[in-house]
Amino acid sequence: MKQYLDLEKYVLENGTQKGDRTGTGTISTFGYQMRFDLQEGFPIMTTKRVPFKLVVSELLWFLHGDTNIRYLLQHNNNIWNEWAFERFVKSADYKGEDMTDFGLRAERDPAFKEVYQAEMEKFKTRILEDETFANKYGELGNIYGKQWREWKTSQGETIDQLADLIEMIKTNPNSRRLIVSAWNPEDIPNMALPPCHSLFQFYVADGKLSCQLYQRSADIFLGVPFNIASYALLTHLIAREVGLDVGEFIHTMGDAHLYNNHIEQVKEQLSRTPHALPKLVLSDKPATIFDFEVADISLDGYNPDPAIKAPISV
């Protein structure tokens, strides 16, 4: 997708070198927007393979209001493992090798990488096989799914923002309050990772549903391709439920950054030529957005270039 490649080029050429929480360092810019016409195809990277089924299972995990990585692991989805693992290795229950700064150390020390990978495999196995352990150490706090589906009020009640949003689109499509927020200041200290994609808004015009995402922190190489595909998929699912066509996905970013250890991968991606976008295929079986399963969602005509691996910063 040209819009995404333009973002990578812009940050490489105009970004500012900054330190960051992870210790990796970034090239960063503040304030950037991309627009995708969802009528022109499903916006997923074609200059590198994005594992679409992982996008699907993560979004369904959000839609279920789930915040435990066990569901993800049951669907062979490892994208949230490091944050749960970090909580575990910092606890008194962890008795293995020192895992301080495991992400950076695994990248730089092959011997430690083997130890880390072995500990991670043991952790994943325990999450899958031991429900008590999973309940304690698979939890990531009140992240996206919890805020979307069960926002706690000061009166002790809960708000299902997503269900309310869908109902409002049906009954008052011209509303300017078609918003879901994952940014709950009270819960931030207890989240494994505060919401990067923190707020989204829908807009109805000419029989089409459009979505704008505000993302406070955008990991351009690893995170943003998932975010684009995830919110495009969410727009399609909601449009199906409310009887509208899809319009645009508008992606607005605050701190948009390239990690310093992703620069060579970015240059490799920029050397590739985009291909035709695939088509999203949804099963007719699910009655509502909350009834979808991974097998109900697929892409037709997705023929990307090979994946480009890069380390994740935790």
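A Cβ is built for glycine as well, from the same backbone N, Cα and C atoms used for every other residue.
What Swiss-Prot lists as dUMP binding site is R21, R176, R177, R216, S217, A218, D219, N227, H257, L258, Y259, and the listing cites sequence analysis. As annotated by Swiss-Prot, active site, nucleophile applies to C196, with the evidence given as sequence analysis. The (6R)-5,10-methylene-5,6,7,8-tetrahydrofolate binding site feature in Swiss-Prot is assigned to D219, S313; the stated evidence is sequence analysis.
Known features from Swiss-Prot, placed on the structure.
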| residue | record | DSSP (3 states) |
| --- | --- | --- |
| R21 | dUMP binding site | coil |
| R177 | dUMP binding site | coil |
| C196 | active site, nucleophile | coil |
| S217 | dUMP binding site | strand |
| H257 | dUMP binding site | strand |
| S313 | (6R)-5,10-methylene-5,6,7,8-tetrahydrofolate binding site | coil |
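Within the set R21, R176, R177, R216, S217, A218, D219, N227, H257, L258, Y259 that the record links to dUMP, no two Cα atoms are more than 36 Å apart, and one pair reaches that distance.
For the pair H257 (dUMP binding site) and S313 ((6R)-5,10-methylene-5,6,7,8-tetrahydrofolate binding site), the C-alpha distance works out to 12 angstrom. The Cβ neighbour count for H257 (dUMP binding site), using a 10 Å radius and every protein chain shown, is 27. Applying an 8 A CB threshold to same-chain residues 6+ apart, the list for Y259 (dUMP binding site) reads D20, T22, T24, G25, T26, D219, F221, A310, S313. When the binding-site residues R21, R177, S217 are ranked by how far their Cα is from the Cα of the residue listed as 'active site, nucleophile', S217 comes first.
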